[in-house]
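K.L.:
According to TrEMBL, the domain 'LRRNT' annotation covers 24-56. The domain 'LRRCT' annotation in TrEMBL covers 158-211. Feature annotation from TrEMBL assigns signal peptide to 1-24. Taken from TrEMBL, the feature transmembrane segment covers 220-251.
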Amino acid sequence: MGCWRGPSTVLACLLLLRPLPSPACPAACRCSSGEADCSKHALREVPQSLSANTSTLWLGYNFITALGPQSFPPLPGLLLLSLPHNHLGLIHSQALVGLGALQELDLSNNYLTALTPETFLPLTSLATLNLGSNRLGELDPGVLRALPQLQALLLQDNPWVCSCGILPLWHWLSHNREKVREESLLLCRVPEHLNEYPIMDFRNESFRQCQETSLSAQHYITFLIIGPFSFMASIFFCTFMGSIIVVYHNLRRESHFWRRPRICRGR
């Protein structure tokens with residue numbers, strides 16, 4: 001009714017009737033209800049124009065090779081991050097900072113060869129982690145201990161090296177079997193005689209030789225450095241102490257000589 005009083009009033013009414021603009025959505029993505037699907041677009045990096053209220057982010061089947069410290073825009077409400085089937089080989093230790101609400105992370109089917117505990121420290125709410133089908137030969141269990149809410153872990157189809165280096169991971173897996181999914185697919189790749197042997201079938205006695213005291217290359221180098229030094233130090237110390245003893249005995253002898261009673265003979 002009052003909207004017909006003048007042109008300016010009509011314009012104001014039209015603006016009020018206009019729907020609110022939707023949150024930002026990158027050109028390579030499809031967005032709706034907090035979900036951004038950016039998969040299969042040959043992306044080489046994470047889009048930076050994502051809405052801050054994004055809760056689900058699909059980035060699978062792209063060409064992302066690394067996640068740096070500035071790879072993600074601020075996404076405080078992100079709950080699911082899916083990055084499978086990329087060329088991901090490196091994750092910076094600060095790459096996931098700001099994703100503390102994340103509950104599910106899929107890094108499967110990539111080129112990851114190593115991970116550090118610092119990388120996952122920000123993910124205090126993460127419940128599901130998929131590291132399947134990467135190039136992991138070993139995994140520091142500190143990576144897993146950095147995830148206090150972890151409930152499901154997938155590690156299948158990695159080229160695990162079943163030597164003494166895998167003992168810490170085996171200990172963690174053995175004490176957290178309820179968290180390990182597809183454990184029958186955790187198979188050794190190296191050495192050859194253990195190829196396709198299930199990691200979870202190992203027992204304590206399987207690692208007996210690893211628990212024996214052994215010297216590493218660093219120990220031998222230390223001994224080579226300290227050995228000659230300690231030998232020379234011992235010679236110097238013995239020589240020094242011997243000199244002190246000799247001087248002491250000489251001083252006692254001279255003191256005894258001068259203290260001997262002298263017999264005076266009459267002329």
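The backbone N, Cα and C atoms fix where each Cβ goes, glycine too.
Please treat TrEMBL annotations as automatic predictions, because they have not gone through curation.
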K.L.:
Which value does the mean pLDDT take for the domain 'LRRCT' (158-211) in this predicted structure?
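P.N.:
Averaging the confidence scores along the domain 'LRRCT' (158-211) gives 93.
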K.L.:
What is the three-state DSSP composition of the domain 'LRRNT' (24-56), stated as helix, strand and coil residue counts?
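P.N.:
So the domain 'LRRNT' (24-56) is made up of 0 helix, 7 strand, 26 coil.
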